[in-house]
Ligand SMILES: O=P(O)(O)OC[C@H]1O[C@](O)(COP(=O)(O)O)[C@@H](O)[C@@H]1O
Ligand SMILES: [Mg+2]
């Protein structure tokens, strides 16, 4: 029988402003799951990064199960009560609907669920990012499952040599496509380089995988809060689950993409490109310019429905260089103020407060009368 790992996360209020979760709120979420989850889930773990509380649950009810989603929804509601009493900023921010209606997707929280056939030993890593968007996972997930320079197992392990299948979502048009690597590598990269539009949702093994044929081995939250709410309500701050070892990326191959910092969208007001910084759980506090955007990683092993761990994977000197590099990149790019490419391009600012400023300025614009200059302008825009 399949086992499901459900990871559901939300920002329901933080201290003092989108910096870090408030412990009594985290405790209220934990208490609700402990007291109400016994008949539904076999184990769970509560964690957090920045202003986001994260619930990892193990159960046999499958993905998209209403009772599991409702358990998480009600736990976030219970936490929101405490956040409101304390007067926290953004209390209940990601709970965009008043009442639960069968599936938590589209209601605000981010959801990543894996239905798996557990192996004898089932190690996996849960990644949590803050102040960025789901496309921030495109680069590391491609590297883990598609790039032999990152994952030598693709070359030297016969159990991985056949490659993996990537499910990519076009989040603007609600379409998806399956890409099979290594055959479709260039096509995949043509899509996922546009990380604000095409996002890797899942990775599967191929039917020819000798140890784990046709299994879902990675999943990312792809919920776009701004699309749901129609206005800026914080970045999506994604999370992901990646199964590791024995015909899948080794633990170190699943961490290696983060050994160098790379640029993601989000950071201050969800409106800036900035470096992602891998951190231990005790450094998951968003300070400088509300960041820099961060990623933490928790290593678990699952056995008979019980979770063992987590190991705080980036809490190690081996990632000091990536942290220093991220801070150097932050210093460099911050000097640009509100200029692109530090600030996001216009089309990505659509759901922020910028359009309201531009609307206010619109009446002040007059036609340019200089005919010669007109022919040089891109008037079709
Ligand atoms: O206009 P407000 O309500 O102060 O919100 C601005 C806040 O939004 C944020 O982008 C929210 O970040 P999150 O996506 O982590 O919720 C912060 O950087 C910023 O402080
Ligand atoms: Mg957040």
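Including glycine, each Cβ sits where the backbone N, Cα and C put it.
Summarising the annotation, TrEMBL assigns active site, proton acceptor to 11.
Per TrEMBL, the feature active site, proton donor/acceptor maps to 232.
The annotation active site, schiff-base intermediate with DHAP is assigned in TrEMBL to 235.
The annotation Mg(2+) 1 binding site is assigned in TrEMBL to 11, 18, 51, 93.
Classification of residue 18 (Mg(2+) 1 binding site) by DSSP places it in coil, neither helical nor stranded. Of all the Cβ atoms in the protein chains shown, 24 others lie within 10 Å of the Cβ of residue 18 (Mg(2+) 1 binding site). The dihydroxyacetone phosphate binding site annotation in TrEMBL covers 18, 131, 269, 290.
The beta-D-fructose 1,6-bisphosphate binding site annotation in TrEMBL covers 18, 89, 102, 103, 131, 245, 246, 269, 290, 351. Same-chain residues at least 6 positions away in sequence with a Cβ under 8 Å from that of residue 290 (dihydroxyacetone phosphate binding site) are, in sequence order, 18, 19, 131, 267, 268, 269. In three-state terms derived from DSSP, residue 290 (dihydroxyacetone phosphate binding site) belongs to neither a helical nor a strand segment and is classed as coil.
Taking the Cβ of residue 51 (Mg(2+) 1 binding site) as centre and 10 Å as the limit, one finds 30 other Cβ atoms among all the protein chains shown. Per TrEMBL, the feature Mg(2+) 2 binding site maps to 51, 52, 130, 237.
Annotation comment: TrEMBL describes 235, 236, 237 as Mg(2+) 3 binding site.
If you draw a 10 Å sphere around the CB of residue 236 (Mg(2+) 3 binding site), it holds 28 other CB atoms from the protein chains shown. Per TrEMBL, Mg(2+) 4 binding site is recorded for 236.
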- Message: Filtering 51, 52, 93, 102, 130, 237 (binding-site residues) by proximity to ligand 2: which pass a Cβ cutoff of under 6 Å to any of its atoms?
- Response: 51, 52, 130, 237
- Message: By the count of other Cβ atoms within 10 Å, pick out the sparsest of the binding-site residues 131, 269.
- Response: 269
- Query: Which binding-site residues from the list 102, 236, 246 come close to ligand 1, meaning a Cβ under 6 Å from one of its atoms?
  - Reply: none
- Item | Local Cβ density at residue 102 (beta-D-fructose 1,6-bisphosphate binding site) - other Cβ atoms counted within 10 Å | 10
- Do any of 51, 52, 93, 237, 246 (binding-site residues) have a CA within 10 A of residue 11 (active site, proton acceptor), and if so which? 51, 52, 93, 237
- Item | List of residues, in chain order, with Cβ under 8 A from that of residue 246 (beta-D-fructose 1,6-bisphosphate binding site) and at least 6 apart | 119, 121, 159, 211, 212
